[in-house]
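Colleague: From Swiss-Prot, for reference:
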- 1-8: signal peptide (SIGNAL)
- 9-126: domain 'Cystatin 1' (DOMAIN)
- Cys14-Cys505: disulfide bond (DISULFID)
- 31-74: region 'Interaction with ATP5F1A' (REGION)
- Cys68-Cys79: disulfide bond (DISULFID)
- Cys95-Cys116: disulfide bond (DISULFID)
- Asn115: N-linked glycosylation site (CARBOHYD)
- 127-243: domain 'Cystatin 2' (DOMAIN)
- Asn192: N-linked glycosylation site (CARBOHYD)
- Cys193-Cys415: disulfide bond (DISULFID)
- Cys207-Cys230: disulfide bond (DISULFID)
- Asn240: N-linked glycosylation site (CARBOHYD)
- 243-449: region 'Disordered' (REGION)
- 260-269: compositional bias 'Basic residues' (COMPBIAS)
- Cys272-Cys302: disulfide bond (DISULFID)
- Asn310: N-linked glycosylation site (CARBOHYD)
- 328-346: compositional bias 'Basic residues' (COMPBIAS)
- 347-401: compositional bias 'Pro residues' (COMPBIAS)
- 408-429: compositional bias 'Basic and acidic residues' (COMPBIAS)
- 438-449: compositional bias 'Basic residues' (COMPBIAS)
- Asn485: N-linked glycosylation site (CARBOHYD)
Amino acid sequence: ATLQCSWALTPTDCKTTKPLAEKALDLINKWRRDGYLFQLLRVADAHLDGAESATVYYLVLDVKETDCSVLSRKHWEDCDPDLTKRPSLDVIGQCKVIATRYSDEYQTLRLNDFNCTTSSVSSALANTKDSPVLFDFIEDTEPFRKSADKALEVYKSESEAYASFRVDRVERVTRVKGGERTNYYVDFSVRNCSRSHFHRHPAFGFCRADLSFDVEASNLENPEDVIISCEVFNFEEHGNISGFRPHLGKTPLGTDGSRDHHHPHKPHKFGCPPPQEGEDFSEGPPLQGGTPPLSPPFRPRCRHRPFGTNETHRFPHHRISVNIIHRPPPHGHHPHGPPPHGHHPHGPPPHGHPPHGPPPRHPPHGPPPHGHPPHGPPPHGHPPHGPPPHGHPPHGPPPHGHPPHGHGFHDHGPCDPPSHKEGPQDLHQHAMGPPPKHPGKRGPGKGHFPFHWRRIGSVYQLPPLQKGEVLPLPEANFPQLLLRNHTHPLKPEIQPFPQVASERCPEEFNGEFAQLSKFFPSTFPK
């Protein structure tokens, strides 16, 4: 028998580890390619393994999704609250993170790997038998792609700058029912499909569409009102060659596609794209000469006539957000002029707490969350698509460098559909992943980016939690790191993730988020 050497990890204090945990979470946000920015609620557990040249941290982080897309490349503290009338959502998560801090002059932090689980708790918080408003978190977002396409067409008709954009991924759909209205709030990412533009600046965007229907409406093809706002983000390269550290900033576009210069420049925190093949994601020394400040996006405001009309309106330049409002004409008559300036169709959604979160999906085969699925224990043996017991994934993670089935790094987005020569069956030969129609896993490779990065990290979206349920823990196994130790030994080596919590953890929840604490496991093994 072979004796595998292992050194005991040192429990450490969650409170003193928080600054490093914040940096690690920021790296996770910068690495991801879909979903919403995580903000740190608390450090739930912390261990370390120190050596002369580096210290490896093993962290458990309780997080909450913000309303900002990861495409914005913002720090979560720079994610301004949504000041519109649309509801916000409560989506919580927990991440198990391994990160290494090096003892160099920059105290460089490297993100080695992470696994996260997320779930919406909005319905559990807001829906009661006496509530006049009901919130539903729509798990299957794909049926709303057509609605997103139509909303984007409205937007494109008002601005030539967006003419070559197409819907990339429907991220989040929420239904709010109350009174005489049913509103659907649809968030989706978009991609610039102009080849001449894409090869110079791979531009992506993020849109929010509010679709309003009569409460009895069964046809979701033609909403009575549409409001849409979009932002565009450009991935431009700045920095030294050795570090390959382009900054990821926004490009403000006017209605003619030109940059807007009417707004003062405001510095933003920003991050780096994932490292190239074979590297981990890390911070590093600042760019030589600093980085030019980023200006906020120009998002003019306008109102839109019904689908099918040719009339357009100028964008008033004194506004800083794009809201295109669409109202179909009553029975064959076009409306005579736009609605009152700034008026939301039928007012805000009915009063009450809105639901929060991205469309949860069942986790695929792969390193699933720890423990049982959120809605009761699985039947005897491994469930077909739910999270198997901790430490026993049915197929294990995909081979190193290969994303799970259907989530490849290949440039197969709305602009370039997969060829017949390389379909899902070809990807499946390289890696075991979720079967078709179960796109539960969102890793950094998911999404249609033309970059070929080494895949690390996973985010599993689980079904919404109900009252009395707690968030299943993420998988604690990182076999890729342990395997890599034997071929590329590190000092200190990566150890198995600790199974016993530190006595000096967890942190207390901030009072602002105290209502979320009941959805996290209250105790850890000690």
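Note: Cβ is positioned from N, Cα and C throughout, glycine not excepted.
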Colleague: Measuring Cα to Cα, tell me the gap between Cys116 (disulfide bond) and Cys415 (disulfide bond) in whole angstrom.
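Modeller: If we compare the Cα positions of Cys116 (disulfide bond) and Cys415 (disulfide bond), the gap is 30 Å.
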Colleague: I'd like to know which of the disulfide-bonded residues Cys95, Cys193, Cys415, Cys505 has the most other Cβ atoms within 10 Å of its Cβ.
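Modeller: Selected residue: Cys95.
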Colleague: Write down the Cα-Cα distance for Cys79 (disulfide bond) and Cys415 (disulfide bond), rounded and given in Å.
Modeller: 29
Colleague: Reduced to three states, what secondary structure does DSSP give Cys415 (disulfide bond)?
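Modeller: Assignment for Cys415 (disulfide bond) reads coil.
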Colleague: Considering every residue in the domain 'Cystatin 2' (127-243), what is the mean pLDDT value?
Modeller: 81
Colleague: Looking only at Asn115, Asn192, which of these glycosylation sites has the biggest number of Cβ atoms within 10 Å around its Cβ?
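Modeller: Result of the Cβ crowding comparison: Asn115.
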Colleague: Compare the C-alpha of Asn192 (N-linked glycosylation site) with the C-alpha of each of the disulfide-bonded residues Cys14, Cys68, Cys79, Cys95, Cys505, and give the closest one.
Modeller: Cys68
Colleague: I'd like to confirm something. Which of the disulfide-bonded residues, Cys68, Cys79, Cys95, Cys193, has a Cα closest to the Cα of Cys14 (disulfide bond)?
Modeller: Cys95
Colleague: With Cys95 (disulfide bond) as the reference Cα, tell me which of the recorded positions Asn115, Cys193, Cys505 is the closest one.
Modeller: Asn115
Colleague: Using DSSP, how many residues of the domain 'Cystatin 1' (9-126) fall into helix, strand and coil, respectively?
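Modeller: Secondary-structure composition of the domain 'Cystatin 1' (9-126): 29 helix, 57 strand, 32 coil.
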Colleague: Counting only residues 6+ apart in the same chain, whose Cβ is under 8 Å from the Cβ of Cys79 (disulfide bond)?
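Modeller: Within the chain, Cys79 (disulfide bond) has Cβ neighbours under 8 Å at Leu37, Gln39, Thr66, Asp67, Cys68, Ser72.
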Colleague: Looking at the recorded positions Asn115, Cys193, Cys207, Cys230, which has the shortest Cα distance to Cys505 (disulfide bond)?
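Modeller: Ranked by Cα distance from Cys505 (disulfide bond), first place goes to Asn115.
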Colleague: Give me the count of other Cβ atoms within 10 A of the Cβ belonging to Cys230 (disulfide bond).
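Modeller: A 10 Å sphere around the Cβ of Cys230 (disulfide bond) contains 25 other Cβ atoms.
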Colleague: Give the sequence-ordered list of residues that share a chain with Cys207 (disulfide bond), lie 6 or more positions from it, and have CB atoms under 8 Å from its CB.
Modeller: Ala148, Ala151, Leu152, Tyr155, Asp187, Phe188, Ser189, Val190, Ile228, Ser229, Cys230, Glu231
